[in-house]
């Protein structure tokens, strides 16, 4: 009882309003530190294969001997097609598949994005599994050109050879589809869309032959030319579109087969040298998070993952002593494992962060960090809501600290008291100010927040619709406009409808409330994106509008009040640096990328892959930044 | 004649129409031949071999035993198996069709199906029967009797054909036998698409034969090879056949096994079945390629027909004739092979055999020796003429579209390859209850016309956990057109216990059955022309089954902790700190001191 009354008394304590900023800062700090300790042995786990049916590396592989001679011949065939027109190429590849007694079909596709025209042709062959009843299928992909734009000579030749080799086995209990896509991202997307009949029929041809439900897909990327190239390691690429990941079992099976059975080292996230130190692990994890956060397609496998088809790309890297046959045997063993599957891959994790080929953290361990970052916005938002409901501050009547002001002017500082009586007749003296009801004026803050969120549609539209030659201009213009827009908005506010300090607080409160909610929901879908946006938006928790003191106030203005314009200006300057567009520009500068390329890819993602990252940036992050900047800039013009 | 030949030939060959015509016609003739020789004898068996493109070989085994109705009613079984006969009598089954199938028929390469599709079933097990009963309820209870009995007889899960998997087709099936004597016949049809057909089903199948796989063509049936086939189907058909005036009825049981073997795969020895890469010397390389070298070889496609013999292909020798077959006449020719006349065939036996060339020399039949092994040897041969395969009247493919846990759609694409004839057919779907079609989304489009191809619809909606959806559509597809049939469906959420152990695999949906109405069977009987699509895998929303165990573990932990605490509170004696002081340090002295203190309080307290 006494505890409850103590808590109730504390509720009115102005000190309670001083806690949230520290609590928010603590949340962010703990969130970041949480992420930093994940690579430690105590917080991450060794990977393991959960699905018993997979039995990775338990079979002998026979892809050797004369198959190597045939592979070399096919590689010459592929090299001869490197410069030939698309239809001739697909015709010839189809003929090679047909000579192995497979069913062959082609698919034309055409996409338009950023004023460019992406059109090409897929060719695929279906091997009817002798033990299969056309209900399940697994896919082996080689894109004609890999992500770097090189012709995938050896990869395509390997798929052709494996198709011929697999046809002889009688143990396949699933159909095997061999897909040679026109390119690495749009081609597989067009194919997998058409396979599930969710393509737009105007520009994408439907598939003339199909098989059963897809159970897994493996892509090979081996661009060595007709004279071959021995590689050092396999780079396992696993990121899907929108940061979705394949089942960890597939990744583990690939790693276990490649490193355990074939003796090929595996690497991930372009960490060519990995000595398993803390720094390397952390770097791998952060690279994985950035890749997941951007949500772009990272290989031919990416388009399959949104359809709940687990997929990875095996990419050869470096100079070493492994040849094409060891890659072929890896794929053979991997397909034998997938062939064993009785059920769709479901046992292992779908949400994980990898920090080495055999070390990971699962969602239960890493999720709190993004959640804490998201919660910090909610805490501040609640604090601002409480603050907005308070009138003028009431000194604590129970306070025993001598008030210097009341000493000098006792008359002025004695608060108005009201006598209150309870039903039993007991009477108390309560400060009148604390009895006053403060009404919140919601219209202006709500209208402002809604408008700023809808304003985000403009950049979303501009960047997805602008043709490539104008993208740089559009980007620069939008950067300048969005930088100046908060200042202009604040100026307009001050000229026409100056928001009261309560309305200013409410604007920030709603903005942070929405941000916190969006980010915590997003953390369960795309952890990395939520975390990255949360970190970049975290200063918005701490910026405030510094309003001038009330005119009738007689107290001596403090240091902050005296320099409030200068401080507001400095904070606005800081926020300009955190403008999403400025951050994008800085990031592209840091990684040495051209911003136009990034925007072109993003637009392709929007039109082809169904990428949602832009939506988060323009409709969640940017409005929050805008609202925060307007609130701070309000201090400049008051 | 010429145009007819071109229409029906699958690959118009440059070899000239005449030879092709001959082979094709002969095939029809041959099929007729099989049919007409049937009625007279009590037991008849035949194996027809037909090489197909891409080194495949179709082997059609056909066994027929007759029993007169009178002796059947008196339970006097001679060729008809007693085990099956008594089941049929007990369940009052007048006509029975049972199918076990595996794999898929590749109509694009292999052409028309054997028996026009009338002797095959969808993937898994399919059963339909005409039962005599007074009411629907009685028919269904007899159906359950039948399925349970057959389940035991054939070692198959036929007893899982319950009300949810049973439909009563209206247009798709017609009785094959003569049922003048029976009234109140009920047709019931059930499928088990997930049933895996294997050797345990073959053994009881062979036991029904009079020669039980010991002699005759059935001695070739070996589980290892049969179930390594690219496609295989076993069927049992029982029907009454009567004379013209409705008398002299016999009960005919026909058993057939059709399989398509991959010759290369079947020839591999059983102890070394691994298809290791051939030594490079044994591969024919294309030396015209500029890069051809010691280590680079573009493989040439083999054009010669592969060589094979029966023992190699079937893994065991043919053990002479079954003594129950006719000694002479048509019925004695028990092994037939359908090849172009130029193909060299050597019969290999120590006994007496007889070779007959029929059907313009495209079919060679052999009368088997009794008591000694028989083998046919076909050497590798470069052929100048080929067998022309009849084009199937329709091509059908069905798939599930869409993705996600909630909805999906089915798309069936049916193509009519004929340039002249429209085809009318019945499309039968039997869907499980947890797949709920939206009939208003049913669309049928033909690419050549805008008229609606659906002429008649029969629809019986599903009832949750009680019966499945039954949909029959009568449709007309114009010449050389493609019909696309689509409808959406919703996936139901099952109860936790209704999921099978491999819940994440998905659920099998039975193949659709297409019965052609307009085209007459080439066999000239009332078996009908059928076509089946492949079965489908339907992924349903599946709970994480580790969750219940987590819940059990968590509740057990909470229970244990809670119980422990409460139990502790109830039974433990709590002692104040002063009392402990009073009790002293413990040990013998402490116990004595406590006793003394207790005595003192008792005495003094009084």
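Even glycines carry a Cβ here, placed using N, Cα and C.
The compositional bias 'Polar residues' annotation in TrEMBL covers A:396-407.
Taken from TrEMBL, the feature region 'Disordered' covers A:393-416.
Within its own chain, the transmembrane segment (A:21-40) is flanked in space by residues 278, 281-282, 285, 353, 355, 361, 365-366, 368-373, 375-377, 379-380, 383, 531, 534-535, 538, 541-542, which lie at least six positions past its ends and keep a Cβ under 8 Å from the stretch. According to TrEMBL, the transmembrane segment annotation covers A:21-40 (among others).
Under the heading transmembrane segment, TrEMBL lists A:366-386 (among others).
Sequence annotations record features per position, and here TrEMBL assigns transmembrane segment to A:442-463 (among others). With a threshold of 8 Å between CB atoms, the same-chain residues lying at least 6 positions outside the transmembrane segment (A:442-463) that come near it are 471, 474-475, 478, 482, 497, 499, 503, 506-507, 509-511, 514, 581, 599, 602-603, 614-615, 618-620, 622-623, 626-627, 630.
Counting same-chain residues at least six beyond the ends of the transmembrane segment (A:469-493), those with a Cβ under 8 angstroms from any Cβ of the stretch are 114-115, 459, 462-463, 499, 572, 575-576, 579, 581-582, 585, 595-596, 599-600, 622, 626, 629-630, 632-634, 636-637. For A:469-493 (among others), the entry in TrEMBL reads transmembrane segment.
Tertiary proximity for the transmembrane segment (A:567-591) is limited to same-chain residues at least six positions away from its ends with a CB under 8 Å from its CB atoms, namely 459, 475, 478-479, 482-483, 486-487, 536-537, 539-540, 543, 545-546, 560, 598, 617-618, 621-622, 625, 628-629, 632-633, 635-636. Residues or ranges marked as transmembrane segment in TrEMBL: A:567-591 (among others).
According to TrEMBL, the feature transmembrane segment maps to A:611-637 (among others). Residues of the same chain lying 6 or more positions beyond the ends of the transmembrane segment (A:611-637) and with a Cβ under 8 Å from any Cβ of it are 241-242, 293-296, 448-449, 452-453, 455-457, 459-460, 463-464, 482, 485-487, 489-491, 493-494, 499, 504, 507-508, 510-512, 514-515, 518-519, 522, 529, 533, 536-537, 540, 543-547, 564-565, 567-569, 571-572, 575-576, 578-580, 602, 605.
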Can you tell me which parts of the same chain pack against the transmembrane segment (A:366-386), counting only residues 6+ beyond its ends and a CB-CB cutoff under 8 A?
17, 19-21, 23-25, 27-28, 30-32, 34-35, 38, 351, 353, 505-506, 508-510, 512-513, 515-517, 519-520, 523-524, 527, 530-531, 534-535, 537-538, 540-541
